[in-house]
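Q: Have a look at the structure that comes next, please.
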Amino acid sequence: MMQAYRNFFFHYFNLKQTTGRKDYWLATFVNLIVALIFYAVSSFLFYLLGITDQFLILNLFVAFAMIIWLILATFFALAILIPMFTLSFRRYRDTGLSMWAFWIEPFLLIALLFLLTEEFSDGFTNIWAVWITGLLLVADILIKLLPTASQTDSE
């Protein structure tokens with residue numbers, strides 16, 4: 001598992017290499033676990049910030065820890081952005097589909113951003129954004145679950 005994650009970072013800009021299902025999903029799983037840890041600690045720090053209102057020094061310490069933690073989480077998110085994109089690109093290419101299918105990724109990101117933007121959302125638009133995002137996400141996952149085209153189905 002650690003070798004797959006090491007390859008995830010060492011092949012940062014390598015678009016010519018292949019990425020099997022196992023390597024893709026192991027790297028994605030590790031990133032998900034790390035993101036969940038960042039979320040859990042951030043939630044705990046927000047909780048502590050709420051209950052330490054009466055104690056100024058403790059409140060300042062928790063606020064400082066939360067700022068440092070959120071900076072670390074931001075650096076992690078930025079550090080995995082390009083490797084995840086190249087990993088997804090290699091996975092799409094390895095399935096044997098046309099590279100036009102890879103356009104699901106940017107449209108998925110645009111749909112997610114549109115969904116999260118309050119400025120453009122009325123009730124009707126928000127429902128369509130949820131459906132489109134869900135369909136693109138399912139298509140993206142199904143494509144990444146396809147076996148590698150150059151190998152047999154025994155993978």
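Quick reminder: no glycine exception, Cβ is built from N, Cα and C everywhere.
Nobody curates TrEMBL annotations by hand; they come from automatic prediction.
The transmembrane segment feature in TrEMBL is assigned to 24-49, 55-85, 97-116, 128-146.
How about a rundown of where these features are and what they're close to?
A: Tertiary proximity for the transmembrane segment (24-49) is limited to same-chain residues at least six positions away from its ends with a CB under 8 Å from its CB atoms, namely 1, 4-5, 7-8, 59, 62-63, 65-66, 69-70, 72-73, 76-77, 80, 83-84, 87-88, 91, 144.
Tertiary proximity for the transmembrane segment (128-146) is limited to same-chain residues at least six positions away from its ends with a CB under 8 Å from its CB atoms, namely 21, 24-25, 88, 91-92, 95-97, 101, 104-105, 107-108, 111-112, 114-115, 121.
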Q: Six or more residues beyond either end and a Cβ under 8 Å away: which residues meet both conditions relative to the transmembrane segment (55-85)?
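A: For the transmembrane segment (55-85), the far contacts come to 8-9, 11-13, 27-28, 31, 34-35, 38, 41-42, 45-46, 48-49, 105.
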